[in-house]
Amino acid sequence: MESNKMVVGVLLIAAFALPALALFERDVITHETIEAVLKKSTPNSNTMLQEDAINALTGKTLISQTILEETLLKNGVVGGSIPCGESCVYIPCISSLLGCSCKSKVCYKNSLALPTLEKDVITPEALEAVLKSNGGAIVNTKTIISNAIFEETLLNNANHVLGGIPCAESCVYIPCLTSAIGCSCKSKVCYRNSLALN
């Protein structure tokens, strides 16, 4: 009886440790992600798939959300704002239906938008303010992203220097469009009063 308990204990440890160690050698997906994709693709259905069906349909190994999150922390993987509960080592993100995309072998929501300090972006609100200030005559060559993503980007860029009130626009290559409403460029971000706070 004791040997049975020991075998069960070893199997439990292996079940939790092995997926974490092998996460970036194969593709995995969580139950929560499968549920979200199913709800998005068939909103009126209460379909739940068994583990073997998920593996067969997706080509990905089922893993718990806890193990995935622990593995991401241990491997120092960061990308977008929200991990989508799926890796993309060999197989593209199934959660792309939910707005997720692949970065550093992990599917993230907003992973393309988050490194915004590498390209020029502006929020709809900032663009609208600029348009109102100059009578609607402007050519926008910046990528439009949500205010929430822009704010999260400021937090995720640890090397970023704050100075003034962010005007919801970056100025990596293109000057601040929001200069029309009193903003200026500092550390790749347009700020109101950025010169006064230097």
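In case you wondered, yes, glycine gets a Cβ from its N, Cα and C as well.
Among CYS171, CYS183, the cysteine that Swiss-Prot records as disulfide-bonded to CYS185 is CYS171. Swiss-Prot names the disulfide partner of CYS102 among CYS84, CYS88 as CYS88.
Checking the candidates CYS107, CYS190 against Swiss-Prot, the cysteine paired with CYS176 through a disulfide bond is CYS190. In terms of Cα distance, the disulfide-bonded residues that sit within 10 Å of CYS185 (disulfide bond) are CYS176, chosen from CYS88, CYS107, CYS176.
Among the disulfide-bonded residues CYS93, CYS107, CYS171, CYS183, CYS190, the ones whose Cα sits within 10 Å of the Cα of CYS84 (disulfide bond) are CYS93, CYS107, in sequence order. Each residue contributes its Cα atom, and for CYS102 (disulfide bond) and CYS190 (disulfide bond) these two points are 28 Å apart.
Taking CYS88, CYS100, CYS171 as the disulfide-bonded residues under consideration, the smallest Cα distance to CYS190 (disulfide bond) is found for CYS171. Considering only the disulfide-bonded residues CYS88, CYS100, CYS167, CYS171, CYS176, CYS183, the residues lying within 10 A of CYS107 (disulfide bond) on a C-alpha to C-alpha basis are CYS88, CYS100.
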